[in-house]
Amino acid sequence: MPKIRCKSCEATLNVPEKALGKTIKCPKCSNKIKVPSGGSGGASPQQQRRKKKPVKSAAADDPFGLGNLDDYDLEDKDEQICPYCAKDIDEDDVICQSCGMNLETGQMDRREKKKRSRKGPDPSKFFAAAFPESWKFVLSEPRMAVRVGTGFTFFTTLALMCGYMGFVYVQEQMPPKVFWIMLSLLCGLSVPGLMWYLTLKIVDSTRRNDKFQSDRIQFDLFTSIAAGVRAFFWPLILIPGAPVILAGGVVYSLLFSGDLSNPAFLIVGGGLLGFALFLLPMAMVHMTARYTYKGWILWELLQILFQNLVGIIYMHLVAFVALIPALLVAVPILLVIKGDGGFESMNPFGSGVVNGITAGITTWFLNIVGMNPDPEGGMFTIIRAMLNIAAAFIVIAPIGYLSAFPAIFVMKACGLFGYYHSSTLGLVDQKREYEIATFWVRYLGHIIDNLCAPLAVFLVSSNAKLSKVAWVFTGFLVLSFIFAKVAFPGMFVLWLIYSNWMYWVVQEASEIRTTLGKDAFGLIVITEDNKQLTMKQATMKWFLRNVSDNLAGIPFLFAAIPPKKQALHDMATKTKVVWKGDR
């Protein structure tokens, strides 16, 4: 029976004689294989190199032909072994499946050599594993899906209620209005924060091939809001200049259009956000590594984009297909509660349809108990508010719970993307001690430090005496605002300068040798001879850094020049920014 090899899965197949010259389907991978006809061509290379040994004629001194017995048939001619690793091979094998050597050329097969040099799983297996393994994971974690659905429903209801109170219900009383608006913004971060937090947990366990222990994962409103803050700032930090572009677009739209529906603003803003979301799978995987800085730096992600482009596109295709059932349920529900109203009517608390139903139930109930169903009455308002909350929960619950299952499906798929592409993503799990930090990770830490510096009085505690001075300054600032508003601007400038000085100098000259922004990515500041900075050095460095910032950060660009990668303020103070590293 003739044998052929499938070029797709490299399986050796026995084909019947009647299949010669026809096309058959491989039973393993379903690839179509053209079976050569029996009369075409000569002997195969395998047959040529396995020619039978000629039978020697009986010598004169061996009249009985005992020399042809092959040592009493000790050699098993039905079994073939690789001459390089001595493993069993099939008769028709050209490449040894154990060592990868080409039996004809005596060299490692090019494709096999590339596969064996890869550090990690084969990325091509991701496409076959994404759907079945993600679906298996969802079926194994029904309790987690219910918990996530409860979180989606509760957090969304809370955010919509606060938004309705701040933007619609409260109009003239400014303090309550600001309170409800700020509360709605914080609660609005909880849903993406929950997804961000849980995605990191699932991606981390999948990438490391660890067992996922859902009972050890706890998430609440505050944890989700904290993760949501990271999710909100990630695209703004990832794309350099994005905050300036978006702020300029908002100002332009409000001045010339009166609202944010300006097409140019929507196109630019949507384009920036869409591009950031396209890179999100790679960023999420990097954020599970020991050193997460690549997940926040656009240049680092662009360097590995084309190596993982097909996987990213497939990842987004998986996410789109998985979310279709939730969309098929969410869209009709939202259109029903919207009624004849505008976009804001999709909020159950502001929906005319929902409010009409709850008002009717409230009137019916008050009539039954013999009370006046006055819409302006206190009892009517209390009952209707409670019914509105219940109605909002009823409307949002189907969407929230149904969205939880595909959300977990997509999270697992993202983890599989990280697992199978670990060899091409360039994950950083180890750094040498005192290795020079690169420009972009310093730039990232600098942005975070500038955001944290005004809060130095709350964040810096490494020097007790200087912290007390900061609190004294803060006390005088509050007193000047209350009793001497004329002195407040000058006091505010002094307080701001001292807070900024304390944030940078006290931290860099302390034993921790770093600031909050640098420490978040594993960076420290030391002298050129690897010693801790003095207060004098740190103060000079702080002053020159502020000069650099006032010059549009141009002197800071010297940090991109190898080999020392020092900015001008580093050179002047003989300091350097390095990785804390792994000893």
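Including glycine, each Cβ sits where the backbone N, Cα and C put it.
What TrEMBL records for 29-72 is region 'Disordered'.
Look at TrEMBL and you will find 144-167 (among others) tagged as transmembrane segment.
TrEMBL lists 179-200 (among others) with the feature transmembrane segment.
Per TrEMBL, the feature transmembrane segment maps to 221-252 (among others).
Residues annotated as transmembrane segment in TrEMBL: 264-288 (among others).
If one looks beyond the transmembrane segment (309-337) by at least 6 residues along the same chain, the residues whose Cβ comes under 8 Å of a Cβ in the stretch are 123, 126-127, 130-131, 134, 278-279, 281-282, 345-346, 348, 351, 353-354, 395, 398-399, 402-403, 406, 409-410, 413-414, 417, 420-421. Per TrEMBL, transmembrane segment is recorded for 309-337 (among others).
Among the features that TrEMBL reports, transmembrane segment is placed at 349-369 (among others).
As annotated by TrEMBL, transmembrane segment applies to 381-401 (among others). Outside the transmembrane segment (381-401), and at least 6 residues removed from its termini, the chain residues within Cβ reach (under 8 Å) are 146, 149-150, 152-153, 156-157, 160-161, 326, 329-330, 333, 337, 348-349, 354-355, 357-359, 361-362, 365-366.
If you look up TrEMBL, you'll see 437-573 marked as domain 'RDD'.
The transmembrane segment feature in TrEMBL is assigned to 440-460 (among others).
The transmembrane segment feature in TrEMBL is assigned to 472-498 (among others).
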Interface-richest range of 144-167, 179-200, 221-252, 264-288 toward the transmembrane segment (349-369), CB pairs under 8 Å: 144-167
For the transmembrane segment (221-252), distant same-chain residues with Cβ under 8 A (at least six beyond the ends): 151, 155, 158, 186-197, 260, 262, 264-265, 268-269, 272-273, 275-277, 279, 283, 296-298, 301, 444, 447
Residue numbers, six or more beyond the limits of the transmembrane segment (179-200), whose CB comes under 8 Å of its CB atoms: 148, 151-152, 155-156, 158-159, 162-163, 165-167, 169-170, 217, 219, 221, 223-232, 284, 287-288, 407-408, 411, 414
